[in-house]
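Undergrad: So TrEMBL has the following annotated:
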type	residues	note
TRANSMEM	13-30	transmembrane segment
TRANSMEM	37-56	transmembrane segment
TRANSMEM	93-112	transmembrane segment
TRANSMEM	132-157	transmembrane segment
TRANSMEM	169-189	transmembrane segment
TRANSMEM	209-228	transmembrane segment
TRANSMEM	288-306	transmembrane segment
TRANSMEM	326-346	transmembrane segment
TRANSMEM	358-380	transmembrane segment
TRANSMEM	534-554	transmembrane segment
TRANSMEM	566-586	transmembrane segment
TRANSMEM	598-622	transmembrane segment
Amino acid sequence: ITFNQIKILSTQLSTPSCLGYPVSIFFIVVNEFCERFSYYGMKAVLVLYFKYFIGWDNDLSTTIYHTFVALCYLTPILGAIIADSWLGKFKTIVYLSIVYTIGQVIMAISAIHDITDTNRDGTPDNMTFHTAMSMLGLILIALGTGGIKPCVAAFGGDQFEEHQEKQRSTFFSIFYLSINAGSLLSTLITPILRAQECGIYSKQSCFPLAFGVPAALMVVALIVFIAGHNMYIMESPKGNILLQVMKCIGFAIRNRFNHRSKQHPKREHWMDWAEEKYDKLLIAQVKMVLKVLFLYIPLPMFWALFDQQGSRWTLQATTMDGNFIVNPILIVIMVPIMDSAVYPLIKKCGLNFTPLRRMTVGMLLASLAFVAAALLQIQIDRTVPNFPSSSQTQVKFLNLENTPVPVVVEGQEPFVVPGFNVSSHNGTSNSIKQFLKEFVNGFRSHLNFSVKSDHLGPIAPLQASDYFSVTHGKASFTIENEEGQTCHYILQLGFGSSYTVLIPNTFTFGESCTENIKAIQDINPNDIHMAWQVIQYFLMTCGEVVFSVTGLDFSYSQAPSNMKSVLQAGWLLTVAVGNIIVLIVAEAGSLPEQWAEYVLFACLLVAVSIIFAVMAYFYTYMDPAEIEAKFMELEPDDKKRKELEMMTKDNLAYVNNETSNNTDVKQTKI
């Protein structure tokens, strides 16, 4: 019986298991579900919070949102360093989860408008306080969620032994399923919570509740994770691994440059130039990490397309009829189907569907998803009226009586329509959900019109208003006369439609004031249903399952034993770069036609997929444990000698400072 067999047997006897899986992973999966509910739930209403509570415009809200998401995927490298070099994965997850929870609580507090609403008018009087609190909360959340990202998946992988490769692969699928299950429920629940009205002095959209529930779920995630601490397999940190890797790479580059002349013999790998200072085991581990990181170079392009589901595709959906959530639902369905049906079927067909080939197929499926989005966009463009520009719509009011009516359009100065004629004013709108609208005043006096808090200005009798834009959906208009009497008129609006609203001379204020108001639909709304997006979402979801789940497992299986979190952080870093690509494209401007932009992204990803396929063809799969075992077979005396040499060379500068003489460092005793 070998030592490894004894080790496996002792681990099996000491580690509780259920259905062949360690019991500890169930705590990890539940923790991940609650944490993802917390993250996606908060993120689902974050842009709305920026826009409607803080009062930022669409561009600033979008910029801060994507910057926050990018930061969430940049901080994993920090969590990986802390986990692998200092605290270990378990303590890192616990401590950063506490930071994460505090951030969520601060976000919930920042959304309580009554804190600074001293005059009790429903509007915070000190918006700087709320903005500062929300920014502090988001920074803490980014540190927390980013810091634990590379640790949780890798910590779950640590719970499996070498002979449990199949169970470990299934775990990553279940792990990813829990992520999307949490995303599905949170994106359904938190918008409903936000739509409620709450407050002490005045009732407003309940952002505190929408942020408070995710904060509560983060508390649950922390408690569940700590509850399973007695069942976890915990590996102690191996030292400052990332720093050692960076120093090793730097020394190899400098040493190779210093010995660049032809008189020095070439070495098999450029990292071999670090052998004069560093242990061969560390050099072999660095080679494995660099080999995988090189494959990561093309991957951000996939995430650049994938993340547009929350921006471009969402905006596309606003121009269509219907309202439902697609991606999380499809993920929950597709993960078990791919894992239990598709992959086994491919294996039975005798196809060698390696992880890198799966990832290549995932990238191609994402490209097809954008082709489908482009075809759908062409159909949408055919049904939407050809307005003067993509950002303009036209609306009119017509006053048929003798007194003017004031009008204020969102984003414009108030104006007055003189005389009995029809004006044609082009109103630029910041909203994508637009329709044509005009009001006709046939009343005997001036009337003021407003939509929510936006005044449309006075409209004189027998006059028409300028065109203006309103968000589609249920719009509430307020009509007010010179005496202060008001009438609230609600109209259901469809995207791309045009309406003329006639206010006749028989109009009277009171409970039945809306009975005589007549809305005439000049242009029908866009009737393409949102269900057509299912095609592109299905393709993108299949690509995500094949690409992302496989990537998680691949990153773990190819990582050295002491650098798994670092390599997981490198994988997540590709997501951050993808978000940055989206920000760059958004700031640089888009093509005149949206469908052309979709085709451009699809072509770019196809090109990147080809490059990745070529790189994958020349990639040789590794067994890190086997490679490391070869270097572990060194004789004890030889290992001690190597360690002594490394310590001597690493402390060279320190010895020089302490001795302050020209003694040969090689003779110094440490």
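The backbone N, Cα and C atoms fix where each Cβ goes, and this holds for glycine too.
Describe the structural context of each listed feature in the structure shown, including burial, neighbouring residues and relevant distances.
TA: Within its own chain, the transmembrane segment (37-56) has Cβ neighbours under 8 Å at 62, 64-65, 68-69, 72, 100, 104, 107, 111, 113, 127, 130-131, 134, 141, 145, 182-183, 185-187, 189-191, 194, 205, 207, 210-211, 213-215, 217-218, 221, counting only residues six or more beyond its boundaries.
Counting only same-chain residues 6+ beyond the ends of the transmembrane segment (209-228), those with a CB under 8 A from a CB of the stretch are 23-24, 26-28, 30-35, 37-39, 41-42, 45, 49, 93-94, 97-98, 100-101, 104-105, 107-108, 110-111, 186, 189-191, 193-194, 196, 198.
Beyond its flanks by at least six residues, the transmembrane segment (566-586) meets 62-63, 66-67, 69-74, 76-77, 79-81, 84, 146, 149-151, 153-154, 241-242, 245, 289, 292-293, 296, 299-304, 306-308, 311, 551-552, 555-556, 558-559 of its own chain at Cβ-Cβ distances under 8 Å.
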Undergrad: Which sequence positions outside the transmembrane segment (288-306), separated from its termini by at least 6 residues, show Cβ-Cβ distances below 8 Å to it?
TA: 245, 249, 271, 356, 359, 362-363, 366-367, 369-370, 540, 543-544, 547, 551, 554-555, 558-560, 563, 566-567, 570-571, 573-575, 577-582, 585, 601-602, 604-605, 608-609, 611-612, 615-616, 619, 622, 624, 627
Undergrad: Taking pairs 6 or more apart in sequence, does the count of Cβ pairs under 8 Å between the transmembrane segment (358-380) and the transmembrane segment (598-622) hit 3 or more?
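TA: Touching, yes - the transmembrane segment (358-380) and the transmembrane segment (598-622) meet the threshold of 3 or more Cβ pairs under 8 Å.
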Undergrad: Check the transmembrane segment (132-157) against each of 93-112, 169-189, 534-554, 598-622 and return whichever range has the most CB pairs under 8 Å.
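TA: Counting Cβ pairs under 8 Å, the winner is 93-112.
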Undergrad: Can you name the far-off residues of the same chain, 6+ from the ends of the transmembrane segment (598-622), with a Cβ under 8 Å from a Cβ of it?
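TA: Those are 288, 291, 294-295, 298-299, 301-302, 304-305, 308, 312, 354, 356-357, 359-360, 363-364, 366-368, 370-371, 373-374, 377, 558, 591, in sequence order.
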Undergrad: Can you work out which residues elsewhere in the same chain, 6+ from the ends of the transmembrane segment (534-554), have a Cβ less than 8 Å from its Cβ atoms?
TA: 153, 168-169, 172-173, 175-176, 292, 299, 302, 305-306, 309, 313, 326-327, 330-331, 334-335, 338-339, 355-356, 358-359, 361-366, 368-370, 372-373, 376, 568, 571
